[in-house]
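Pulled from TrEMBL:
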type     : residues              : note
ACT_SITE : GLU80                 : active site, proton donor
BINDING  : HIS78, CYS108, CYS111 : Zn(2+) binding site
DOMAIN   : 25-138                : domain 'CMP/dCMP-type deaminase'
Amino acid sequence: MPVPATVGYIPPVSTAEQAPDPVRDPWRQAMRLAVREARLAAEGGDVPVGAVVLAPDGTTVLASGHNEREATGDPTAHAEVLAIRRAAAALGEWRLTGCTLVVTLEPCTMCAGALVQSRVDRVVYGARDEKAGAAGSLWDVVRDRRLNHRPEVIEGVLADECAQQLTSFFRDR
Ligand SMILES: [Zn+2]
């Protein structure tokens, strides 16, 4: 299955059953929650990006967050940063060892840095961000070999749906 190259990519409409994908399929349900979270951002006039942090069991949602830059006037209020902060608060410590962050759009440099700092085990994202992505597109901060913590990265989970959510937001503005 081809992964959309950019946020602006509009996938062809297909009703065909997709082949099973053992790498991405386990994260689809969590990504649906992130997509739902992203809708809350759009309702407040923010770019629709949503994130959830899963506990080490891979299914329990510890925290969620959506982009709140416009809503709060805080330039650091990205979905990932808010979700990481809330997950750490829920756990009572800053280390999110064993946890997975699931986000609809490839993290930017700030969020990639925050993810490394949080010690999450895994970063799962939907659409690529060719213009600002820091988890494989423009940079690969999360897997930089010079850093001592490198989370696993799984990209392209519900990528079409995530990209379309962004595309329609910018189209309707
Ligand atoms: Zn970010």
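Each Cβ is built from the backbone N, Cα and C atoms, and glycine gets one as well.
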Fewest other C-beta atoms within 10 angstroms, as judged across CYS108, CYS111, which are the binding-site residues: CYS108
Count of other CB atoms lying within 10 Å of the CB belonging to HIS78 (Zn(2+) binding site): 27
Additional residues around Zn(2+), ordered along the sequence, whose Cβ is within 8 Å of the centroid of HIS78, CYS108, CYS111: ALA79, GLU80, VAL81, PRO107, THR109, MET110, ALA112, ALA114, ALA134
Spatial neighbours of GLU80 (active site, proton donor) that are distant in sequence (at least 6 apart) but have CB under 8 A: ALA51, GLY65, LEU101, VAL103, PRO107, CYS111, ALA114, LEU115
